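According to Swiss-Prot, the protein carries these features:
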- CYS40, CYS45, CYS48: [2Fe-2S] cluster binding site (BINDING)
- 1-88: domain '2Fe-2S ferredoxin-type' (DOMAIN)
- 219-400: domain 'FAD-binding PCMH-type' (DOMAIN)
Amino acid sequence: MDLEFAVNGERFKIDSVDPSTTLLEFLRLNTPFKSVKLGCGEGGCGACLVVLSKYDPELDQVKECCINSCLTLLCSVNGCSITTSEGLGNTKKGFHPIHKRFAGFHASQCGFCTPGMCISLYSSLANAENNSSKDFTVSEAEKSVSGNLCRCTGYRPIVDACKSFASDVDIEDLGLNSFWKKGESKEVMFKNLPPYNPKDHLVTFPEFLKKKEKVDNGSDHLKYRWTTPFSVAELHNIMEAANSGDSLKLVVGNTGTGYYKDEERFDRYIDISNIPEMSMIKKDEKGIEIGAAVTISNAIDALEKESKSSYVFKKMATHMEKIGNRSIRNSGSIGGNLVMAQSRKFPSDVTTLLLAVDASVYMLNGRKTEKVTLQEFLELSPVLDSKRVLLKVEIPSWTAPSGDDTEFLFESYRAAPRSIGNALPYLNAAFLALVSRQEASRKGVTVEKCFLAFGSYGGDHSIRAIEVETFLTGKLLSYSVLYEAVGLLKGIIVPGKDTLHSEYRKSLAVGYLFEFFYPLIESGHRICSLDSGNKHNNSHVDTVKSLPFLSSSQQVLESNEFKPIGEAVIKVGAALQASGEAVFVDDIPTLPDCLHGAFIYSTEPLAKIKSLSFRENVTPTGVFAVLTFKDIPQQGQNIGSKTLFGPGPLFADELTRCAGQRIALVVADTQKHADMAAKLAVVEYDTKNLEQPILTVEDAVKRSSFFEVHPMFYPEPVGDVIKGMEEAERKIISSELRLGSQYFFYMEPQTALALPDEDNCVKVFSSSQAPEYVHSVIATCLGIQEHNVRVITRRVGGGFGGKAVKSMPVATACALGAYKLQRPVKMFLNRKTDMIMAGGRHPMKINYNVGFRSDGKLTALELTMLIDAGLEPDVSPIMPRNIMGPLRKYDWGALSFDVKVCKTNCLSRTAMRAPGEVQGSYIAESIIENVASSLQMDVDAVRKINLHTYDSLRKFYNHIAGDPDEYTLPLLWEKLEISSKFKERSEMVKEFNLCNVWRKRGISRVPIVHQVMQRPTPGKVSILSDGSVVVEVGGIEIGQGLWTKVQQMVAYGLGMVKCEGNEKLLDRIRVVQSDTLGMIQGGFTAGSTTSESSCEAVRLCCVILVERLKPIMDQMMMEKSGSVTWNILIQQAYGQYINLSASTLYKPEYSSMEYLNYGVGVSEVEVDLVTGKTEILRSDIIYDCGKSLNPAVDLGQTEGAFVQGIGFFMMEEYTTDEKGLVVQQGTWDYKIPTVDTIPKHFNVEIVNTGHHKNRVLSSKASGEPPLLLAASVHCATRSAIREARKHSLSSNFIDGSDSEFELPVPATMPVVKSLCGLYSVEKYLQGKIKGQ
C-alpha cells in the first residue's frame, strides 16, 4: 500500500521506502524544504522540529503537535500532514507573524536554530487555540521553547518574541525591538506588532488526507518491512508469523533511538500506535488505565483532567512535564519508556512515579494477557523479549480514609542540570504516605503506610526502598526515626560501578527523604497536607516555588550622528532565517551523483595502525572508497590545517598520536551510509615498543614536551615581584587552580561540499570562519596551485572559534574525495564525531603566590601556568598573551609569570570565544576571592581597592590604555552599583541567609578589562546599473551581525553623496557570500573586531566611490535646478564609464590597532543545599560599547556571550577518559544553557561613551568581552557556598568564618553539593537529636 502524506499542503505518495528512513532524511533529500536541520540526531536541540497534524474522523477534529523529524520514522506519518517553518510563511507568500516578530525582536543571530524555535512557538499557539480552556500565557510562552537550544542569543530576545503572543503579557516588559520606540504608548505598541489572527495564520489540514482510509501501510524494502496492525490479535499474528531469526521493533515515536542510537537494522518494524487497546485511556473510580502506546503528553493531559479527584495525579503530571522536552513527550510513549527502563536500564522518571503509586502493568504473552506489579515487571528475568508485549498501565486512585486525622501525602523530586529542559536526572524520587495525627498528649504524626521510590541513581532500574518503608510503617516520626531511616536508605541506594557522582546521588536520596518527612516532625501534630494546598512552610526546607517569569530590561542609546550607523536595524536575513529559507552549506542542492563522507578516527592515544577494515570483513552498504594518507596525490602533502604556528595533518600516517585523530575518510552514496560505515570500521592497533602517551600537563613537564612561544605572544612582567612580596603583610603561597575545557556547540556541525571542476580545479563550499586558510590548505594537500581552488562561504551556523582551524580538515577531506573520485563529496559531521574532534577550550593548571596588605591591597603576584594544547600547536602559542591581558585588570603591584604551552597526546585545543581571556579574567577573580577569604574581608571591598587608577592602568597596559577619558571602568563600577541596587541587595542577601538553613544566596560584582586588536580586512563595494549595491568583505557572517553592520556602513558612506532618496539606500544594499577567488586576504573571522574592521574597509571603498561620483553630481546640480535622484546619478555615471567598483585592504595603524574594553557584572544566585542546584535570580550588566554601530546587534552579542559564559562556569562538562577520548558526545550528557537556566531577571545596559578617534566611528567590540562577566555568577555561587559552609561548621560548634575552598569550573550541581556538604542532612539530624 502506498505511503501518503502532505508536506506544507503538498501531496507525497511513496510506494517503497526503507522503514529506517526518518522524516528528516526524507524532507532534506526529497523536498525543497530545508528549514528542518540536523543539529543532534537525538531529539535534544529542536533544530529539526516540524508540526505533525492528524485527522480524527470520528471526532472530525485535527490534532497538532510538534515532533522531532530526526527521530520520527517516515512510515509513521502515513495519512498525516507535516508543516515546516517554510509552510508557515516564506518570501513568496509572505512571512508569518511569528517570523516577523522573531526578526523584529532581534531573536535570530546565526539562524540555524530559528526555524525550530518558530515551529515550537507555532505549535504552542495552535494547541492553545484548539484547547478552548487554555490561554496562551506568558508561562506557556516561556515553556514553548524550553526544549530548543540556541548558542547565540542568550534566549532573552527569543522569549520576548514568544511572549509578545501571550494573552497576559505586559507589553512594556518586552525588550528592544524594531516595532516601537521607547516611551510610546501601549496602544501604539500593540498596533505596531505584526498582527496575529489564529483564523488567518493557522495551517489548514489538506482535504485529500481526510478521505484517506486507515489501512496497513505495509512497506517492503529489500529485506526490511513495515507493518501496521489495528488490533492486539493482528499484532500477535504478525509476531507469530515472523521468522525465528527475524529482529522485530515495535514503534510508536521511535524516540528511544535518540538515546541508544541503534546501529542494527531490524527485519520488521511494527507500528503499534493504531491499536485501540494500546492507545486507550480509561478512567473510573478505581483509577486510570493508560495504554502502552499512549504518548507521554497525552498521559499528562489525562492525569491533569483527573487532578480534581486526586492531587496525586496532578503531581504526577507536573513531574512528567519535566521529562525530555515537549516534542519528545509528544512522540514518546508510556510503554516505550517502561520497556527501555526494564530491558535497557534507561533512567526513567515514569517508572519511579508509577512505583510510588503501586501501579500494575498488563502484558501480552503469546495469546494470554498477564497482570503483574510494576516492580515485578522491572525485575523480569530474562528481560522482556520480542514475544512479550506491554499492553497498558493501571494507576490506582489514592484517597485518604474518612476523618480529619488521616491524610495521604504525595511528592515527587527530580535533580537535573536543567529544571524543565532536556536533561536526565542525577536522581529522581516519588513518595506516597498515609499519615495520621496522634492524640494531643503524644503530639506527633505516625506513618501508617508508605511507598518510597527512587530511580536514575545508577542502578539497574527504579526501585522501592522496601526496608525503609517497613521500618517507617507504624512509627511516630521523630529526628531519631528519620535519622535511622536515612541510614537504612544509604545501604539501599547503591549506584553501579561506573556511575558518575555516585556519592552525590546517594546524598540526593537522603535529602529528598528528609525534605518529605522533616516538615511533619517540625509541624508537631499538624499534618502537612498537599491535598489541601497547605504545605508547611518553614525556614529549614523551603517549599518548591513555581518559577517566576523571566524579566529583563535593556538600556541602549541609538545615535543619529552617522545615520543609519548607530540605529538598531534588524539583522540582515532575519526573517529568511526564521522561515528556514536561509541557505547553509548542507542546504545546497546537490547532484544525484554526490557522494558523502564520514571520518574514521582513532580510539588510542599513541599506537601503530596495523590494519583498517570493517566488521566481518564485509564492505558496508553504499561504500565507494576509504581514503587515507596514502590517497593524497603524490605532488600533495598530508595537511589538514594550518596556522601561523605550523600545519596539522589531515590523516594519521602509520602512527596515530591521539584519540580522536582522523585515520580515514569513508565515502558512500548517502550520509547515512557513510556514518554507518564509519561506525562499523575496525582499526587494529599495536602499542609495542612505543613510549607511554603524554595525557596530562604533569606528564608534559616530566618529559619537557612544550610548544615554543614567540616573544611577541609572551608579555613582559610588570614591576618588581621580589620587592612586592617583601612589602606584603600577608601571603598566600602555592595555591592551585584548575580550569577545564568547553565545547563550542555551534548549532550547525562542521560541514563542507566539494565539487570537481574542469582543468584540475575544485570548488568547495565550507562552513568556515577562515575560507582563505581552507583555500590554501586544500591547494597544498592536493598539490595544485591556489588559483585552481575556490572556496565559498555564505553563512555559518555558529562558530565561536570552532569553525576556524577545525573547519579546515573537513573541507580538505571533501576536496580530496572530489579530486580523487571526480564526483561531488559532501560531509556533515554527526554531533558525536564533531564533539570528539572539536578540541574545545584549553584546560589549564595554575599555581600562584600572592602578596597583599591587611587592608586587601595587593602588592605582588607570581603565576606558574601549564596549558594543555594537545597534539598540534593550532593557535595555542597565543594563549600566554591572551591570558595575561584580562588578568591584569587589577593592580597587582607587581606581576610575574611562567607560562608553558604543553604538547600532549590529546586532540589539539583551539580558540574558543574569548580564548585565554575568560580564563585569565577568572584566575584574577579566584585570587581576589581567596585574598578576601584569608583576610575575612568583604570581597567586593577587596576588588574595589585594587581597581586600577589611570596611572596603574598605563603601568600594566602601556599605550593600549589610551587616553584618560577612555578609561571608563571606575564610572561603570559606580554606575552599576546604583542601577543594580548592589548595596541594598547585599544586605537583603545577608538577611535571607540568616533566616534560611537549606537555601543560601550570594551576590557578586565583577569587573572586566578585555584587550582586542583590529586586523587587516579587505572590502569591495560595487554599484550596479539600477542603483543597487553589492558588497563583499573578508569577514564571515557567523551570526554576529557582520553583514548588518556592513550594510549600515555602506549606506552611511554612500550617503555622503547628497541625493534624493538616499534615506532608502539601506534597502538597496546586499552583502554577498565570501569567495576566495573574488576577495583575497580574508584571514580569520575572530577576535571580536572583524565586524568593525570590515565596516572600515567598506567605508574606505565608499570614500573612493563618492570621490568619483561627486564631480558628476556637482555638474548635474549646475545643469538642472532641484535635487538629483540616486538612480539618475548612477545612470549618468554608467554613461560616462565611471568605475563604480572600489576595493581596498583596510590596515589599522599599529599604534592604535589594540584597545581595551570595559564592563561590570552583578549576579545574585540561590543555592539549594539539598541538591546543589544554583538558580540565577538576577544578573545586571553594564558594558562600554563606544559608539555602537548597531545597538540591537551589540546587545545580542552581549547577552549571548554572557549566557555562553554561564555554560562554561556553571554547567558544561567537557572531559576526556583515560585515553584522552572525549567522554561527552551529545545533548544527553553535554548541557548548554537553556531558557530555564538563564537569569530570571536579566538587565543589560550598553553604554555609548565619548568619541574614540582611533576607533571605527568611535565603536568598540562586543562579541567576546561580555562572556568574561559570567564569572559574576560563579563568584556569587562561591559566596552562597561560603555561607552554607559557615552555617554547617557553626552548627557543629566550629568557627567557619575562614573556611577556605576552591570552587571548580564548571560549578555543576554535584560540585556545589559536595562543597556544601554531602552529609549535611545526617549532621543536621544528629545535631537535632543531641539538642533534644
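Just so you know, the numbers here start at 1 and follow the chain as drawn.
The backbone N, Cα and C atoms fix where each Cβ goes, glycine too.
Long-range neighbours of CYS48 ([2Fe-2S] cluster binding site) (same chain, six or more residues apart, CB within less than 8 Å of its CB): LEU24, VAL36, LYS37, LEU38, GLY39, ASN68, SER69, CYS70, GLY116. In sequence order, LYS37, LEU38, GLY39, GLY41, GLU42, GLY43, GLY44, GLY46, ALA47, ASN68, CYS70, GLY116, LEU149, ARG831, THR1227 are the residues of the same chain, not among CYS40, CYS45, CYS48, whose CB sits within 8 A of the CB centroid for the [2Fe-2S] cluster site. By the criterion of other Cβ atoms within 10 Å of the residue's own Cβ, the least surrounded of the binding-site residues CYS40, CYS45 is CYS40. Within the model, the domain 'FAD-binding PCMH-type' (219-400) shows a mean pLDDT value of 91, rounded to a whole number. Using DSSP to sort the residues of the domain '2Fe-2S ferredoxin-type' (1-88) gives these counts of helix, strand and coil: 16 helix, 31 strand, 41 coil.
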